[in-house]
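Participant: Below is one structure. I have some questions about it.
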2 protein chains.
Amino acid sequence: MATGRTHRPATRSRGIPEATVARLPLYLRALTALSERSVPTVSSEELAAAAGVNSAKLRKDFSYLGSYGTRGVGYDVEYLVYQISRELGLTQDWPVVIVGIGNLGAALANYGGFASRGFRVAALIDADPAMAGTPVAGMPVQHTDELEKIISDNGVSIGVISTPAGAAQQVCERLVAAGVTSILNFAPTVLSVPEGVDVRKVDLSIELQILAFHEQRKAGEDAAHEGPVPPVSAKQQRKGPDGDVPAVMPA
Amino acid sequence: MATGRTHRPATRSRGIPEATVARLPLYLRALTALSERSVPTVSSEELAAAAGVNSAKLRKDFSYLGSYGTRGVGYDVEYLVYQISRELGLTQDWPVVIVGIGNLGAALANYGGFASRGFRVAALIDADPAMAGTPVAGMPVQHTDELEKIISDNGVSIGVISTPAGAAQQVCERLVAAGVTSILNFAPTVLSVPEGVDVRKVDLSIELQILAFHEQRKAGEDAAHEGPVPPVSAKQQRKGPDGDVPAVMPA
DNA sequence: GCCTGTGAAGACATTCACAGCA
DNA sequence: TGCTGTGAATGTCTTCACAGGC
């Protein structure tokens, strides 16, 4: 995962549920692939399969955008690509700065998925003076001192933070002060931002931890051989010293 | 965001809601920081602030794990670190392989957050023979031919895919065939896996698109402008009851 | 008095199932 | 006939608010 909005009471962003917004990019990707293969129309069933969701959900999602399908036929691929792009705001160009050009920042700078979606990397910024001028992804790295100027000169409203955790909050504050109102944070720390600024986070290790949780559970399953059986075991009342019931068993 | 399980009908793996599981790593990170500062106990209010959630939610989350707090006092930091670690399966060692050692793979290999959480990078694998032997993060890159052997020799059950999209599904199949049952996918593609295999995905551009959606809304209540006109492609009339002029205008 | 633990209420999200239209 | 669009039902998550133990 990688998720996490900050503030913004809930949904309401104009009637489109947040969960739906989060899936639109997924649909868009699947549709773009179909478009490249010159597929003219697609049914909710097919598109849902390509996007990895179920078809009722997809239809409901699209219904929030309007009635863009044709009963008995399906959806026009090109038309839907356009509508979703517009809804997501991808028909305009979004200049983005990436702050913190380590391995991850370089990976982001090189990532093709940005440019193809309306995002333009306006600058790469790093605090290390030794990096200044070094080209990364065909673009010279600029020093943090230039941050404010870069943002205002380019009208940047979206910033990506890929610095070490310790530097993230400070970078965040400078970005916000300079006019950035949306931040994608890769640093493993919670950013605090003023009202009106959106933060989303991607934490590489959190995803692995969630997988580990499920993995652990799989490993323990042969013991009990499932079944609607003896459950509960309990209101968990393990309190006391760390003692008891170590992990493995469903308890 | 970046999220997304595959299959697993729904939810609740043992009584702990999926949404709660996804937050445990967050709490763990906050608690670890407190632990390093030798803070002995913490209230739900304080910990919630540090983790960026609200306190009722945090208490509810913890209540699924058991009764680990003390009324009138709060939670014992060390004890809670242990309990959450155990719940997540981090008290054991998880060997992990990373397939696809480009910028992103290298960033992952160098990422300190793994080792400190019970994940051990067992091998770095890449399809490019020219990379074989090259050290990345102090570890030689191995060729894809070795994939099956590496997995079985190391008892790897978690794989990370950071290859280009085109290679991901095939890599995924080889991982699964070799015994991997949890996959973290960074490639922008939907993986299909057999029942029993968990997939989580992180898509860098999806997060940006979600930010763009909200950003667009902030900037534009000026409604009618929008230069580009719908791409031809379809004469498709947007029909619909109220069906015209969907997006842009808030109703 | 203070802070946890938790029923109950409410908000949100997903899924079902079918009416309605091409 | 086939597939969309959508109310209604169901399921999940969050928040409230307060009982209960320290």
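Including glycine, each Cβ sits where the backbone N, Cα and C put it.
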Participant: What range among A:26-65, A:106-145 does TrEMBL record as DNA-binding region?
Facilitator: A:26-65
Participant: Express the predicted model's confidence over the DNA-binding region (A:26-65) as a mean pLDDT, rounded to an integer.
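Facilitator: Averaged over the DNA-binding region (A:26-65), per-residue pLDDT gives 98.
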Participant: According to DSSP, folded down to helix, strand and coil, what is A:ASN103 (NAD(+) binding site)?
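Facilitator: Note: A:ASN103 (NAD(+) binding site) is helical by DSSP.
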Participant: For A:GLY102 (NAD(+) binding site), list the number of other Cβ atoms lying within 10 Å of its Cβ atom.
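Facilitator: Summing over all protein chains shown, A:GLY102 (NAD(+) binding site) has 19 other Cβ atoms within 10 Å.
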Participant: Helix, strand, coil: count each for the residues of the domain 'CoA-binding' (A:89-190), based on DSSP.
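Facilitator: Its residues fall into 40 helix, 29 strand, 33 coil.
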Participant: Looking only at the DNA-binding region (A:26-65), what are its DSSP counts of helix, strand and coil residues?
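Facilitator: Secondary-structure breakdown of the DNA-binding region (A:26-65): 30 helix, 2 strand, 8 coil.
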Participant: Within 10 Å of the Cβ of A:ILE101 (NAD(+) binding site), how many other Cβ atoms are there?
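Facilitator: Other Cβ atoms found within 10 Å: 25.
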